[in-house]
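Participant: These came from TrEMBL, pasted as-is:
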REPEAT    54-90  repeat 'NHL'
REPEAT    94-137  repeat 'NHL'
Amino acid sequence: ECPFCRRPCGSAETSDCLPLLQLLEVLETAGGSIPASLSRGVPGASLGLRLSLGGWGSLVNPTGVAACPKTGRLAVAHDGKKRIHIFGPSGTCLQRFGERGDAGNDIKYALDVTVTWDGHVVVTDGGDRAVKAFDFDGRGVLAAREGFRLPWGLDATPEGEVILTDSEAGALYRLTADFTNREFKKCQMIRSQLINPRGVAVSPVSGAIVVIEHLKAQGPNGGSTRVKIFSAEMDLIGQMDSFGLNLVFPSKIYTTAVAFDKEGCIIVTDVCSQAVICLGKPEEFPIFNSLISHGLSYPVGLTYMVNNFLVVLDSGDHSIKIYSS
């Protein structure tokens, strides 16, 4: 029974109740940490914490983070009264918007956020199963309800499109719109038969797309994730689940978020070891570079700022942590 909404449900029916879903994942993925020897002398393992923002009261159970490709401003989705917070590159909170409510531009339950290349904040709302776009002043410019069952993760492409996952439909969509003129153009399914896809990232270098699937299995510790990589033409390049990654690496990896760095390498968060890991470029996948191996509680979001600082959203202590080399 969910301690928040009091709805009785089985583990396969909790995808629209994020607190209960996260509780199940915490119970299923109790694991160790990355051995210290892996982070010694590894290229890219010297990232240091530069700035920490938020904290309980400022952010409440944050679920998504994204950076503006031009200005470096950060958009964070969370469960507060105003669902979206905008932070400047220096950490100052510039704007709060996205009221919790039932009006057309209100946000019931924000699951993820991205920022388009023309400066619009796009949010997936699990409460009314919609994708909603705002400008940086918080004015609603567009809401798409194209029969989504549970739109979840999303990322913007350099061409101004938005790639998004539908967790319950098991599908990947490409959404095209003119946000400046508030004109919705089309929403095209580009991949189906995925299993609970959530996190998604698009490479600005190659156009490759990485999707994180959340797999369910019977018995304790049965849940796992799968990293699935597609080319820009949506051909499957490679995939590996937690079990397969565990054969290569010494600890079970349960991924919750994914991003690409400026070199086109795949970066993921791992809640088992509370770490951030580089899995290499799509053609190299999988390699193993531990970027951050301590100081995180429950990392659920990743993005890169224009200055190549790595931003990690830590739901465990309701904060944004910014790292640099």
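Quick reminder: no glycine exception, Cβ is built from N, Cα and C everywhere.
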Participant: Who are the long-range neighbours of the repeat 'NHL' (54-90) in its own chain, taking Cβ under 8 Å and residues 6 or more past its ends?
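Facilitator: Contacts with the repeat 'NHL' (54-90): 18-19, 96-100, 107, 109-115, 117, 119, 121, 123-124, 134, 136, 138, 153, 155-156, 158, 300-307, 311, 313, 315, 317-320.
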Participant: When the repeat 'NHL' (54-90) is classified with DSSP, how many of its residues are helical, how many are strand and how many are coil?
Facilitator: 0 helix, 17 strand, 20 coil
